[in-house]
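> Pulled the feature table from Swiss-Prot, pasting it below:
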type	residues	note
MOD_RES	ALA1	N-acetylalanine
BINDING	CYS46, HIS68, CYS175	Zn(2+) 1 binding site
BINDING	CYS98, CYS101, CYS104, CYS112	Zn(2+) 2 binding site
BINDING	GLY200, LEU201, GLY202, GLY203, VAL204, GLY205, ASP224, LYS229, VAL293, GLY294, LEU295, ARG370	NAD(+) binding site
Amino acid sequence: ATAGKVIKCKAAVCWGPKQPLSIEEIEVAPPKRHEVRVKIVATGICRSDDHVISGALSDMKFPVILGHEAAGVVESVGEGVTKFKPGDKVIPLFVPQCGECRCCKNPESNLCYKNDIGKYDGVLLDKTSRFTCKGKSIHNFISTSTFTEYTVLDEIAVAKIHEDAPLEKVCLIGCGFSTGYGSAVNTGKVKPGSTCAVFGLGGVGLSVIIGCKVAGASRIIGVDLNSDKFTTAKECGATECINPKDYNIPIHEVLAKMTDDGVDYAFEVIGNTTVMTSALSSSHFGCGKTVIVGLAPSSAVMSFDPLLILTGRILTGAVFGGWKSKDDVPKLVRDYLNKKFDFDPLITHYMPFEKINEGFELLRNGKSIRTILTF
């Protein structure tokens, strides 16, 4: 009944940095050619959304509807769309997969050229947005915008998933879980019997731990300044956890003593350039690999002694855990349904959508891992 019509619905609009999100009635235009309109059922609160609210990502265009980790149901499709129909369960993809660009054609890469990460144009592929509020056009956020009851997505930025998938759980596959898990199994390529250190034990860091465990690592050391996070980290597979505040020597020296000169794999899951250098320094000089997972503020610069690399360390990273989004998201959902991993330790809070600002406060105060908002 709503197909082809403008839908009025609730959304959380970010009118500018350093202010709470505002619940507004917005208009969502119908999907154009090769677009899909989706009713969002569940959406997670991710640290990257908060980087926009705090002003850390300075290139962002306002006003904007944030949110990029979600699951929902197709409401209607635009002209030329053949792979989706109303009622399909889907996950929006902040890294699209066009299938035609250099990255999509390269099996080693997943960062489709049609993404909006770092550019932050805040529009769909046709250079316009489908959102309006109080007569103003509202920007999109990295191809997704999920803090709204309805969103419009380019069809290259949607994955159809199994009809049995519980949307309030698998929404994590839209960002946090896949980013962390893939950083271990794809980007790091963690080997059985190896030693890993994970810096930052939020939702993504815990997902790195799950990935290290699935990959067969024998030691997984969690590192965080908040010792309250250690219980959940161990539940996810960490074999031990350390707090840098408990030592009067640099953390890479602590790890060197624990691991016969350094870990095989180090993961930075905070987005802090000082910690990135610590992670690199904590990896073994001749054969250690460091994976950057965290998103640093716009102007941040990482500095380190090139000798760290010259001796044989590898420094790498990936967006969205290296997954080719359209291909791999449905497989990850099937793996979840087949109980290859469990999301329950990652989800600490469920909240109604209207309480979105409270959800962000929990994240900022270190009181939550993942908060899932439901409509």
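The backbone N, Cα and C atoms fix where each Cβ goes, glycine too.
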> Name the one residue among CYS98, CYS112, GLY200 whose Cα is closest in three-dimensional space to that of CYS46 (Zn(2+) 1 binding site); these are the binding-site residues.
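Spatially nearest to CYS46 (Zn(2+) 1 binding site) by Cα position is GLY200.
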> Just the number: how many Å between the Cα atoms of VAL204 (NAD(+) binding site) and CYS175 (Zn(2+) 1 binding site)?
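So the Cα of CYS175 (Zn(2+) 1 binding site) lies 9 Å away from that of VAL204 (NAD(+) binding site).
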> Quick one: pull the CA-CA distance for CYS101 (Zn(2+) 2 binding site) versus LEU295 (NAD(+) binding site), whole Å only.
24
> Which binding-site residues from the set CYS104, CYS112, GLY200, GLY202, ASP224, LEU295 come within 10 angstroms of CYS175 (Zn(2+) 1 binding site), judged by C-alpha positions?
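None, since no candidate lies within 10 Å.
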> Nearest to GLY200 (NAD(+) binding site) by Cα, among HIS68, CYS98, CYS104, CYS112 (binding-site residues)?
HIS68
> Which chain neighbours of the Zn(2+) 1 site, leaving out CYS46, HIS68, CYS175, have a Cβ atom within 8 Å of the mean position of the site's Cβ atoms?
GLY44, SER48, ASP49, GLY67, GLU69, PHE94, THR144, GLY174, GLY176
> Spatially, and counting Cα to Cα, which of the recorded positions is closest to ASP224 (NAD(+) binding site)? Options: ALA1, HIS68, CYS98, CYS104, CYS112.
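Checked the recorded positions ALA1, HIS68, CYS98, CYS104, CYS112; minimum Cα distance to ASP224 (NAD(+) binding site) goes to HIS68.
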> For CYS98 (Zn(2+) 2 binding site), which residues in the same chain are close in space, meaning a Cβ under 8 Å from its Cβ, but six or more apart along the sequence?
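Those within reach of CYS98 (Zn(2+) 2 binding site), by Cβ under 8 Å and sequence separation of 6 or more, are CYS104, CYS112, TYR113, LYS114, ILE156.
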